[in-house]
Each structure stands twice: as structure tokens, then as C-alpha cells.
Amino acid sequence: MKTTIPTVPTPDDAAVWHEGRLYLADQRILPERAEFIAYDVAADVADAIRAMVVRGAPAIGVAAAYGVVLAGRSAYAAATEGWKAAIESDLECLAASRPTAVNLFWAIRRMRSLIDTLDATDPTDRLLQEAIAIHDEDRAANRRLGDLGAELIAGPTNVITHCNAGAAATGGYGTALGVVRSAYAAGKIVRVYADETRPWMQGSRLTAWELMHDGIPVTLQADGAAASLMATGGVGWVIVGSDRIAANGDVANKIGTYGLAVMAKYHGIKFMVAAPTSTVDMEIASGAEIPIEERDPEELLSCGGRRLAPAGCDARNPVFDVTPASLVDAIVTERGVVLNPTTEKMRALMG
Ligand SMILES: CSC[C@H]1O[C@H](OP(=O)(O)O)[C@H](O)[C@@H]1O
């Protein structure tokens, strides 16, 4: 349900809590239209995550945290001192919205830990305080990791990005684009070549929007154009985000990332993964255990509401892939940088 919005969304406004309601920038229609959708019900927030109104691993976690606030408020209204039992179905509904981004489960687990400590009185204010903390901590983490990633770039150089790991995908500032923002401010980046990122086009619709909004030189390219650009010799780094990093440093990210990493290795180009530690899942040993989301093939068979493929054409639509740690030169987090990641190094990072 669209309602009056507190502001027109900027890249930093993926999720906004305003006067007791959660506002999500509708990323399905950006940049053509910049509109918020208002949410009062946790199950509707789960639907918004599933439909990619809000997307991007950290942003999904932030939205889910605010969804738990809505769940707590409605559970207390319905059951008062029995709210802890009443909230459970909404927590499960949020957790079932998308399978790959571990930040979703990390945020819900953190909210559950708080719930376990609360009494039978109205939990809304305390849950909101925690959701806001998750949001603020993510934004601060991205600024920190952005600066750490920028320090790795000798520059001035061109970089390639894939999908959107920007402010719109996070609590603000961005992960891969957080590194881009910090490195550009330091004079280390000349131009960003942004993969359009079929089929959902996060690159052409969101990354180009963000970088043009910030005045950072960006050139959009077809995903298939990255290899020949690498061959020209002008690219120093490929910089991407992540949805889940396994204990050994294997990285799940938008489909196409694995191919970029193989091409980068072939061309001697450095490959950087920027992500907060809420994206690291030390409970899985390798990328083989990361659930890869398959979305409706219709997202591939059509584009912009126009059918591309012939009727009855079969299609597959995995929306993530796994890049082995051996192809990753650096994992950059707010706690520090892991070069040539291994399980031992990831354990040292995560403590
Ligand atoms: C900063 S995490 C962004 C991450 O999430 C994107 O996937 P989706 O748009 O489907 O949520 C993509 O993998 C980005 O790298």
C-alpha cells in the first residue's frame, strides 16, 4: 500500500522507520520512479523481501529487523503478556522470505536473542531500539570497510562492479560501492564500469543511479563486456559485495560473480569482496553448503514487461553463484581485511 512518504528516497533510504511505520524504497521501479511503500505488518515486510522491493543482503537484514518490531507490536496488541508465543509465526515468515543472504537470519537471530531477555510487557520500544542499532551499525560498518578497501587500491585505476552492493543494498553507504566511494574520494578510482547484471538489472538501475547521484564517473556495460574490458589492461580491481561468506572464504554473490572472478584471475586483475561480518557464516564450512535461490524464470524470459523468449521456452534462473576462496584476493570487512582467505584466516577475523 503506497502512502504519503516522509521523503523521496535517496540511495541511503532503502529502509526508513518514520512515525511508527517502516518505509521501503521500492527498488523494483528505481530509478524511473523513486517511491516508498509503507509497512505496518511483518508478513507484508516478508513479502517485500521476497518480491525484492528491498534487496541486498544487509538491507534485507535491516528490513527484517524492523519487521520484527512490527511483529512485536501486533503480537502484544493481540496477546499482551502472551506476546512471545504470538510473535513466533511472524519470525518464521520473515525467515522464509529469501534463502541465500545470511544477514536475514543473522538479524532475526539477534532480535530473537533480545526477545528471550524481555518480560511480558509491551516489547515494541525495546525491539525498535535494537532494529535501529542494527541499521546504524551496518552503516558505520560500511564506512569502515569502505575505507579499509580503499587502502588496498594503489590507483588511480578503473574498477568493475557487478550487481548493486551500494547504499540501496545496505543500511547506507554500501559495501562494494562503499569501497568505491572511499577510494574515489581518495583519488584512487578514475571510472567504475558497472555490469548491468541480468536479469534483474541491479547494475543499470541501481548502481548507475547511485554513482551518478554521487558524481562518480560510471560507465554501464553488458555483463558479457567485462572480459574484453579486462583484456584492455585498464582495470585494476573487480569489487563486489556478498550475500554469504562461508568459513573457508567461499563467497556467494549475484549470478555472474564467479565468471568475473575466473576472468579476473586469467587477466591478473585483483578481486575484492566487500561485506560486513554479518555476511560471514562460520557455521558452514564451504560454499557448497550455501543455499542458492532460484527465482521465477519469467524474470529471465521477459524484460521490462516485454516477453523476449518464445512461448514455452524453458529457462533456469539461479540468482546467486559461489566464487571459491582461491579466486578471491581480499575479503574486506569492518573488522579488517583477509588477504587470500582461508578457514584459518576467517576464524582469526571472526574471533
Ligand atoms: C551488499 S549485498 C548486495 C548483494 O545482494 C545482491 O543480490 P539481490 O539484489 O538479489 O539481493 C547482490 O548479490 C549483491 O552483491
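Every residue gets a Cβ built from N, Cα and C, even glycine.
Keep in mind that what you see is a predicted model, and the values were worked out from it rather than measured.
Features as listed in TrEMBL:
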| type | residues | note |
| --- | --- | --- |
| BINDING | ARG55, GLY56, ALA57, ARG98, GLN202, ASN253, LYS254 | substrate binding site |
| SITE | CYS163 | site 'Transition state stabilizer' |
| ACT_SITE | ASP243 | active site, proton donor |
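Neighbours of the substrate site: apart from ARG55, GLY56, ALA57, ARG98, GLN202, ASN253, LYS254, residues of the same chain with C-beta atoms within 8 angstroms of the site's C-beta centroid are ILE60, THR100, ALA101, CYS163, ASN164, ALA165, ALA169, GLY241, ASP243, VAL319, PHE320.
Here the binding-site residues are ARG55, ARG98, LYS254; the one with the fewest Cβ atoms within 10 Å of its Cβ is ARG98. Contact annotation for recorded positions (ARG55, ALA57, ARG98, CYS163, GLN202) versus ligand 1: ARG55, ALA57, CYS163, GLN202, each with CB under 6 Å from a ligand atom. Of ARG98, ASP243, LYS254, all annotated as recorded positions, the residue with the shortest Cα distance to CYS163 (site 'Transition state stabilizer') is LYS254.
Note: the Cα of ARG98 (substrate binding site) and the Cα of ASP243 (active site, proton donor) are spaced 11 Å from each other. The two recorded residues ALA57 (substrate binding site) and ASP243 (active site, proton donor) have their Cα atoms spaced 5 Å from each other. Take ARG55, GLY56, ALA57, ARG98, GLN202, ASN253, LYS254, the residues named in the record as contacts for substrate: the widest Cα to Cα gap among them comes to 17 Å. Rounded to a whole number, the distance between the Cα atoms of the residue listed as 'active site, proton donor' and ASN253 (substrate binding site) is 5 Å. For the pair ARG55 (substrate binding site) and ASP243 (active site, proton donor), the Cα-Cα distance reads 10 Å. Geometry remark: LYS254 (substrate binding site) versus the residue listed as 'active site, proton donor', CA distance 8 Å. In the three-state DSSP scheme, ARG98 (substrate binding site) is classed as coil.
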